[in-house]
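A short worksheet on the structure shown next.
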Amino acid sequence: MSENMAYECLKYSNENINRALEALRAGKMIQIYDSDSREGETDLVIPAKAVTYTDVKWMRKDAGGLICVAVDPVASKQLKLPFMADLVREASKTSDSLGEVVEKDGDLKYDAHSSFSLWVNHRDTRTGIPDIERALTIRKIGEITEESLSGNGVRFGNEFRTPGHVALLRAAEGLLDERMGQTELSVALARMAGITPAMVVCEMLDDDSGKALSKEKSKEYGKEHGLVFLEGREIVEAYLLWAGTDC
């Protein structure tokens with residue numbers, strides 16, 4: 001089934017999903033809440049290729065969490081993006097101190113492993129931290145993701161350097177069949193929307209409590225700013241439908 005055909009089917013299944021896909025296709029921000037039983041966090045989410053410095057400022061000021069880019073698993077393989085934990089494990093062979101700090105089974109209370117890969121800056125940036133420079137790095141990540149999925153031979157190191165100020169998240173190979181984090185949920189939505197599956201995610205934090213912004217407060221924020229609010233279960237249900245041969 002083509003992406004457009006699947007999208008037409010989804011129009012009749014979940015209007016909230018439909019609105020989110022329309023927003024993403026237009027390069028607009030949405031909200032994704034994973035679940036009560038996982039992180040219990042809401043992220044601001046926007047396609048990487050659509051990001052401007054005002055979007056980075058928006059996420060920095062109103063969300064406050066890490067500004068990361070979730071990358072499709074197929075593109076991650078093409079670009080040879082490693083998991084950060086694997087890099088540290090390899091480095092720990094010559095450094096006992098690294099072996100002590102690397103992520104171990106049971107360390108994470110919400111999942112089996114983290115999705116962190118490299119932290120990068122685009123080579124055209126200076127320090128890489130200003131909003132306008134992070135926006136450039138993010139857009140270029142979107143572009144190289146698209147190029148890699150188009151079969152073009154690209155070398156990630158020609159465009160980017162590490163360490164940097166934008167964290168890459170490598171989506172699980174099985175996507176939602178394997179892991180249901182914001183990384184996989186946002187990439188699944190990108191696939192359904194037929195856009196480049198490189199998505200910016202940023203956790204929403206609460207200035208008053210010092211914790212993650214509650215689901216209720218996140219929804220209120222979304223209403224005030226005209227954002228579509230999706231829960232992880234909605235995305236999982238829609239993705240299973242999209243991935244099927246018919247609907």
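Note: Cβ is positioned from N, Cα and C throughout, glycine not excepted.
DSSP classifies Glu203 (D-ribulose 5-phosphate binding site) as strand under the three-state reduction. Among the features that Swiss-Prot reports, D-ribulose 5-phosphate binding site is placed at Arg38, Glu39, Asp43, Arg179, Met180, Gly181, Gln182, Thr183, Glu203.
According to Swiss-Prot, the Mg(2+) 2 binding site annotation covers Glu39, on the basis of sequence analysis. Neighbour density for Glu39 (Mg(2+) 2 binding site): within 10 A of its CB lie 19 other CB atoms from the protein chains shown.
Taken from Swiss-Prot, the feature Mg(2+) 1 binding site applies to Glu39, supported by sequence analysis.
DSSP assigns His165 (site 'Essential for catalytic activity') to a strand. Swiss-Prot lists His165 (among others) with the feature site 'Essential for catalytic activity'.
Taken from Swiss-Prot, the feature site 'Essential for catalytic activity' covers Glu203 (among others), and the record attributes it to sequence analysis. Counting every protein chain shown, the number of other Cβ atoms lying within 10 Å of the Cβ of Glu203 (D-ribulose 5-phosphate binding site) is 19.
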- Take the Cβ of His165 (site 'Essential for catalytic activity') and count every other Cβ within 10 Å, whichever protein chain it belongs to. 16
- Task: Kindly assign Gln182 (D-ribulose 5-phosphate binding site) to one of the three DSSP-derived states: helix, strand or coil.
- Result: helix
